[in-house]
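See below for the structure under consideration.
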Amino acid sequence: MSARYTHARAILGPEMSERLPETKVLLVGAGGIGCELLKNLVLAGFGQITLLDLDTIDLSNLNRQFLFRKKDVKKSKAMTAAQTAGPFNPNVHLHPIHGNIKDPQFDMEWFRGFDIVLNALDNLDARRHVNKMCMATQVPLVESGTAGYLGQVQPLLKDRTECFDCISKPTPKTFPVCTIRSTPSQPIHCIVWAKSYLLGQLFGEDEDAGGELDEAEKQGENAQEIATLRKEAQAFKAVRSALRSKDKSSNAAKMAFEKVFNSDIRNLLSMSDMWRSRAPPVPLDFDAVKKGTFVLRGISATGPATNGSAKGNSNGHAATNGQSGASGSGLKDQRALSLQENLALFVSSTERLAARLRAGEETILFDKDDDDTLDFVTAAANLRSAAYGIAGKSRWEIKEMAGNIIPAIATTNAIVAGLIVLQAMHLLKKSYNTLRNIHLQFKPTMPLSAVMISPPNMSCGICRNTYTSVQCDPTRVTLGEVVKGILDGSEREVSVYEAQRVLSDPDWDDNNERTLESLSVTRGKFLTIVDEEGEVATVEVGICSLPANHSGGPLILPSPLPDPPRKVKVTVPPPSTPPKKRAAPDDEEVTELEPAMKRLKTNGTAEPNLYTPSKKRRLEDDGLVLLEAPNEKVEDDDIIEVD
């Protein structure tokens with residue numbers, strides 16, 4: 001063995017060292033953690049590494065993702081990382097893929113080709129997908145994440161540890177359309193409006209945002225507001241035309257400003273009911289703000305941007321752009337901008353973006369590393385905040401909020417990457433008793449916390465399911481053929497789903513004769529077979545392609561067929577401490593009474609009613625008819641009387 005691996009051999013032992021060159025690793029993510037982790041894997045001697053990432057390199061990545069250089073900006077992260085890390089160890093075979101882990105070709109058969117999967121993702125949806133694929137294929141997974149000085153490493157293995165979805169995760173924050181478009185009350189509302197709505201309306205593809213408004217209408221949001229918003233969206237067409245016009249005298253930036261910060265606000269003010277319980281916005285005057293004569297809530301346009309309400313700070317002064325000091329202090333991106341400065345930035349960024357459209361760029365999307373779009377969102381968000389009496393933000397703060405930036409520190413990434421490799425070694429050696437959930441904490445006395453792994457959550461809808469896969473031609477195989485084959489003649493009543501779609505149930509089998517392709521059930525997707533009685537575990541069937549050069553039928557069923565276990569009902573244990581009761585009285589104080597007979601309800605008749613309406617209804621659903629009295633006669637010939 002090469003001297004390169006002497007130290008690794010001494011630490012890992014001869015057996016593990018011999019296995020590493022043949023170990024097949026899937027590393028998902030080539031960002032902050034991924035770069036550090038790839039370096040560790042290559043130097044440790046893992047011989048077969050597949051690196052997958054969808055992203056490209058941004059300028060802001062270079063401070064911590066050390067495998068990239070400035071010349072690599074806009075290139076594929078996976079490809080560039082592999083090219084840079086490859087020379088660290090010529091004996092390692094790197095296979096970079098620039099793609100999305102959720103693409104259909106990365107199905108169960110593809111995942112089964114790896115010995116271990118290492119996650120270095122910053123995307124909740126992708127993490128859940130990888131977790132499900134590893135649970136389905138029983139491939140060990142090491143999950144990880146960092147946020148500033150905090151970090152976590154979690155080894156996951158089906159039936160031995162909890163999975164990523166055993167504990168519910170907070171869902172990303174969303175806001176109602178009418179809040180964003182009509183009644184913002186927080187800085188984030190104005191930032192989302194500038195980034196996701198205004199930028200797209202002026203420089204993107206969507207001219208009327210009809211789909212978003214249709215969905216808001218279905219959700220029951222204010223119909224009058226939505227009608228007004230539809231008119232506003234239509235009025236953007238003239239502004240869009242001016243931005244794309246070669247005629248520079250059109251003054252498109254001023255048109256956009258007056259449309260958004262004056263006309264639209266006046267339209268909203270006409271709906272008086274909307275402002276009965278909230279402070280109304282103030283329309284902005286372009287020329288007055290530009291000249292410095294516009295006064296907003298007692299503050300001059302040239303003074304520190306109040307962008308705040310009359311509430312202001314505790315000292316009675318209006319809040320400034322996220323800061324309490326004067327606008328001139330601090331770094332350029334971190335200082336507060338006055339209303340006049342925000343207007344100048346709005347005009348400047350709008351003209352720059354318009355020039356890009358005239359030069360042939362079809363659509364412009366927000367990118368936190370694109371100065372033009374960041375300047376536009378900063379200015380537009382702060383102008384809107386000013387109109388609505390909301391505290392504004394600095395360019396730095398808006399970049400962080402609009403770009404969904406999670407603070408990242410290179411040292412934290414390096415520590416977490418090392419811990420991932422250690423937990424991966426335990427999984428590969430099957431030393432399950434040594435597995436730990438590791439937490440990197442902001443505590444000088446205990447920076448690392450190792451916690452015993454938790455068992456699976458018995459009610460988890462991911463790792464408690466039974467997984468299998470079929471190889472088939474979706475253009476020729478029907479839904480009924482797959483379900484019948486998996487059930488293997490079982491008479492159980494089942495419902496079949498794909499994601500959130502119901503494909504069939506015991507009372508509706510119209511789709512059973514349709515091909516999988518016609519139902520959009522293709523490679524990489526799952527059919528979920530749910531037992532109607534809830535007595536047997538759910539079966540998830542992964543759809544995979546037929547083997548190359550296959551000459552048989554269009555469907556290959558798994559062997560053996562899945563045998564889902566019976567569900568174990570989880571009983572809630574009684575409380576450990578008995579309820580507080582009064583002390584029992586002495587025997588002398590007790591007077592024995594005869595138990596009173598429970599009084600039966602008579603409904604005003606002599607005969608008691610022995611059945612509640614709900615019980616009567618349930619029995620009738622089962623085909624039984626209750627008689628009110630023993631001598632009541634049943635005239636229907638189709639009814640059989642029973643005692």
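Cβ coordinates come from backbone N, Cα and C, glycine included.
These features come from TrEMBL:
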- 11-460: domain 'THIF-type NAD/FAD binding fold' (DOMAIN)
- 29-34, D53, 61-64, K77, 122-127: ATP binding site (BINDING)
- C178: active site, glycyl thioester intermediate (ACT_SITE)
- 184-270: domain 'Ubiquitin-activating enzyme SCCH' (DOMAIN)
- 305-326: compositional bias 'Polar residues' (COMPBIAS)
- 305-331: region 'Disordered' (REGION)
- 331-399: domain 'Ubiquitin-activating enzyme SCCH' (DOMAIN)
- 559-592: region 'Disordered' (REGION)
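Annotated features, which come from TrEMBL, shown on the structure.
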residue: G29; record: ATP binding site; contacts (Cβ under 8 Å, 6+ apart): L52, D53, N119, A120, L121, D122
residue: G32; record: ATP binding site; contacts (Cβ under 8 Å, 6+ apart): N61, R64, Q65, A120, T146, A408, A410, N413
residue: N63; record: ATP binding site; contacts (Cβ under 8 Å, 6+ apart): A410
residue: D125; record: ATP binding site; contacts (Cβ under 8 Å, 6+ apart): K102
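Model confidence over the domain 'Ubiquitin-activating enzyme SCCH' (184-270) stands at 79, taken as the mean pLDDT rounded to a whole number.
Cβ-based crowding with a 10 Å cutoff singles out D53 as the top-ranked of the binding-site residues D53, D122. Counting residue by residue with DSSP, the domain 'Ubiquitin-activating enzyme SCCH' (331-399) contains 46 helix, 0 strand, 23 coil. All protein chains shown were included, and the count of other CB atoms within 10 Å of the CB of C178 (active site, glycyl thioester intermediate) stands at 19.
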